[in-house]
Amino acid sequence: MVCKNEDGPFVWSQPIQALISTSFLWGYITTNIPGGRLAEVVGTKYLLTGSMLLTSVLTVLVPPAAYLGWQYVVFIRVLMGIALGPSFLSMHPMIAKWIPPTEQSTISALVYGGAELDTVSGLLLTGFIIENIGWEVVFYIEGCFGVVWAVFWLLIVHDNPEELPKISEKEKTYIKHKSQKMYMCQIRDSVWNNKWCIYAGFLAGPSPVGIVSGPDEDESFKPLKVLVISISVTGFRNIDLTQDGPRTVNQETQPGKLNSVMRTLDKFRIDIAGLSETRLTGFGTLNSETYHILYSGLETRKEAGVGMALRSRAKKCLVDWEPINERILRARFVTSQAKLTVIVVYAPTNDAVDQTKDDFYRVLSNVVAKAHRHDIVTLCGNFNAKVGSDASYAPAILGRHGLGEINDNGVRLIDFCATHELIVGAS
């Protein structure tokens, strides 16, 4: 092997060579960090296309700039750094949209490993090209290759699965639900005390969300000893609820039905219970033998309606409550450990028109979004949804014990959970 020790066409001192080499980083650091946020705003597809096109054009300009003077090379290298700065961090938003969390480490390693492979192969080819063709050709080849790459990237790449025209609905659903993170609030005994644990989840039917390990003899209201359930009471349309309790208005109604339900709740020492399809008009409060009841309904028609039954100690801890509409009611409680926000819902049936369902989830999303950030937020009631027994497409949201086939309301419920980082309990 023959090693030639010859100077190139430009005799530049070591400090100037160091200046040229590091000038790229001056520009790179100015756009590297903002690049991730910029990709979220304009999209990785267009940001990376512009970055590569501009860098490629500047690469082609390096040889003529070198003949003009080293100062021009430094200037172009700074511009190249500015142009290429967003490239690496801009990939994160795209990976997050396309790749499920369980596969993101592998794909990220392949994506960023490809950049290192390009560096190694480029160094090997550069020496060969310089030796046999000329140093200027290196910049021309790499610049032209970058332009071609950017054009192909612009034509075939999409920022998210929804923009890809040929993707199947099955694949789109898989990517969408697999990409949701699991945010299950699991507060273990080592955090609070050595006796209790609670799973704060998202209910889609009558089932417990707070688990107590035994009866609570202390009458003080504590979040780790609260059992919140959702029940659907459908017989209120035949009952006139007054401050003194239910009154029969026709022979079909069983006398004392409300008090019977409340006695059952009291038997199991349930502090807060969500009631759906109450069919009460207007909004206000009622008292049964053992519970204080908050309710919200339509102004005139006895349709839908939601309510919340509060045992005496829960009533003492009630901070405020808000009747949103005939399908949503919110209440907030103060406890010894944390604030607790409970939202009771009665969703439209699966046969309802899409506009009605859209309006319901739009209002519900606003209510959840306005909850205090440090509160334990629990939703209960009747979502009229079937999430199905196949949890593979949304393992971060669903459990393994669902029933039946998923319906349209089930899809909407899962989308809602994914948006607000919730899980479906009892599934």
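Each Cβ is built from the backbone N, Cα and C atoms, and glycine gets one as well.
Note: TrEMBL annotation is automatic and uncurated.
Positions annotated as domain 'Major facilitator superfamily (MFS) profile' by TrEMBL: 1-427.
The transmembrane segment annotation in TrEMBL covers 46-66 (among others).
Among the features that TrEMBL reports, transmembrane segment is placed at 72-89 (among others).
The feature transmembrane segment is assigned by TrEMBL to 109-131 (among others). Same-chain neighbours of the transmembrane segment (109-131): 88, 91, 95, 137-138, 141-142, counting only residues six or more beyond its ends whose CB sits under 8 Å from a CB of the stretch.
The transmembrane segment feature in TrEMBL is assigned to 137-157 (among others).
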Go through the chain and flag residues at least 6 beyond the ends of the transmembrane segment (137-157) whose CB is under 8 A from any CB in it; none is fine as an answer.
45-46, 48-49, 52-53, 55-60, 62-63, 122, 126, 129-130
Which residues of the chain, 6 or more past the ends of the transmembrane segment (72-89), have a CB below 8 A from one of its CBs?
19-20, 23-36, 38-39, 47-48, 50-52, 54-55, 58-59, 61-62, 65-66, 112, 115
